[in-house]
Amino acid sequence: MGLHTAGTAVPGIPGTSPAVPAISRTYAWLVFVLSFGLLLSDYMSRQVLNAVFPLLKAEWLLSDAQLGSLSGIVALMVGVLTFPLSLLADRWGRVRCLVIAAVVWSLATVGCAVSASYGEMFLARFMVGVGEAAYGSVGIAVVLSVFPVRLRATLSGAFMAGGSFGSVLGVSVGGVVAQHLGWRWTFGVMGLFGLVLAAVYAVVVTEKKLGPATGDLSGTTGRGAPLRTLLPRLVSSVSVICAYVGSGLQMFIAMALLAWMPSFLNRYYAMPTAKAGVVAGVFALITGIGMIAGGLVSDRLCRTVRARTWTVAVCCSLGSLVLLTAGFRSPTGAPQLVLIGAGTLLSCATAGPAAAMVARLTPTAISATAMATLTLANSLLGLAPGPAVTGVLADHMGLLRALQVVPLVAVVGAAAFALGRFFYEKDLRRLDLLPEAHVRDLEPQP
């Protein structure tokens, strides 16, 4: 059985493994599987509401605005609490916080099942958002801490893809359960699934079993001083800021496509709403596959020279620009959908490389907070404005024309990644980051 060993560690220095006991490869992958399972539960609990909108509207006579608020309150709480709760996890213990978070959102989802009014449902959804706020950033920090650095992009992309897969599962499974057992059982099943996973996670993955592998500050004495020293490193280099910006802008494109693809298929392919939703679900899966593929390719090509990760991100950005522009300017038909699908895959293939660069350029001790900062950038630059700005453009120039304009954002995204590559060497030297064993951060000089 293979072992992941730490070697020499430098506390707080990114890119160096913390001094940990040998962790078996089997146990590391078990941590990943359980963490990924909880991420699926996170997004299934979040998105299952969409599957029962018609039933809630009919039973409680809710307006569309009220239905939207039940969905929006979760996103709002996630956006507001991601950073502070991730910081708390770095200081108090990441595994401990993950288990508590999973229990909170699962119990809140069960609360949705027993809600008797809109007000009770709103409160339950509020608590779902509180529980889910920091799971993505803290979960990926735990996963990255138990694997070799060379797998960062792959693991980051795969973990982020869980959001796409969980969303599709939440809507599809939720719809089937609601049709056969009613909408209350839909929430009940999701909540119970999360509680079971949380219980298994609490038994299998513990702070003691991981030892100091997570590299957080939970065991640090005099916590205030190191935290004040480490936090500025979240934004202390041009290259890490470029990673945040480039990732967020590519998410702008991906989220705009996901939000408006059902309407595009309905208007320009005359697909019924149900069929358009199914086909759009395929594009959502392509988004997840793109995140995984981008990470795999990045880790493969950049195994010996870490700086090539930036080049992979630039190529993915420009590739998405070319394919999506060609796709939305092509006549309707199968070739158009293939081009759009390929462009969609590349639009979010930068997720893994961007996360790997953020992990390389920020201290290990606050990696959950660093991932929360990346999540915040993705939300502020991509998830929130992408669908909204596309809608505004569609009102003024039509949906097709708007979707022809959206890929142009990739020009700025590619420029951000290229700028990050330009400053990468300077930032490594200025921050005095130690090179990783057997890996060059920079291209060899001729």
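Each residue, glycine too, has its Cβ placed from N, Cα and C.
Annotated in TrEMBL:
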- 30-428: domain 'Major facilitator superfamily (MFS) profile' (DOMAIN)
- 27-45: transmembrane segment (TRANSMEM)
- 65-85: transmembrane segment (TRANSMEM)
- 97-116: transmembrane segment (TRANSMEM)
- 122-147: transmembrane segment (TRANSMEM)
- 159-179: transmembrane segment (TRANSMEM)
- 185-204: transmembrane segment (TRANSMEM)
- 238-261: transmembrane segment (TRANSMEM)
- 276-297: transmembrane segment (TRANSMEM)
- 309-328: transmembrane segment (TRANSMEM)
- 334-358: transmembrane segment (TRANSMEM)
- 365-384: transmembrane segment (TRANSMEM)
- 404-424: transmembrane segment (TRANSMEM)
Check the transmembrane segment (185-204) against each of 97-116, 122-147, 309-328, 404-424 and return whichever range has the most CB pairs under 8 Å.
97-116
Under 8 Å for C-beta pairs, could you tell me which stretch among 27-45, 65-85, 122-147, 334-358, 404-424 has the largest tally with the transmembrane segment (276-297)?
334-358
If you count CB pairs under 8 A between the transmembrane segment (65-85) and each of 122-147, 159-179, 238-261, 365-384, the winner is 122-147
Reported mean pLDDT - the domain 'Major facilitator superfamily (MFS) profile' (30-428)
88
Can at least 3 Cβ pairs under 8 A be found between the transmembrane segment (238-261) and the transmembrane segment (334-358), with each pair 6 or more apart in sequence?
yes
Best-packed against the transmembrane segment (122-147), counting Cβ pairs under 8 Å over 27-45, 159-179, 309-328, 334-358, 404-424, is stretch 27-45
Can at least 3 Cβ pairs under 8 A be found between the transmembrane segment (309-328) and the transmembrane segment (159-179), with each pair 6 or more apart in sequence?
no
Any contact, the transmembrane segment (97-116) to the transmembrane segment (159-179), with at least 3 Cβ pairs under 8 A:
no
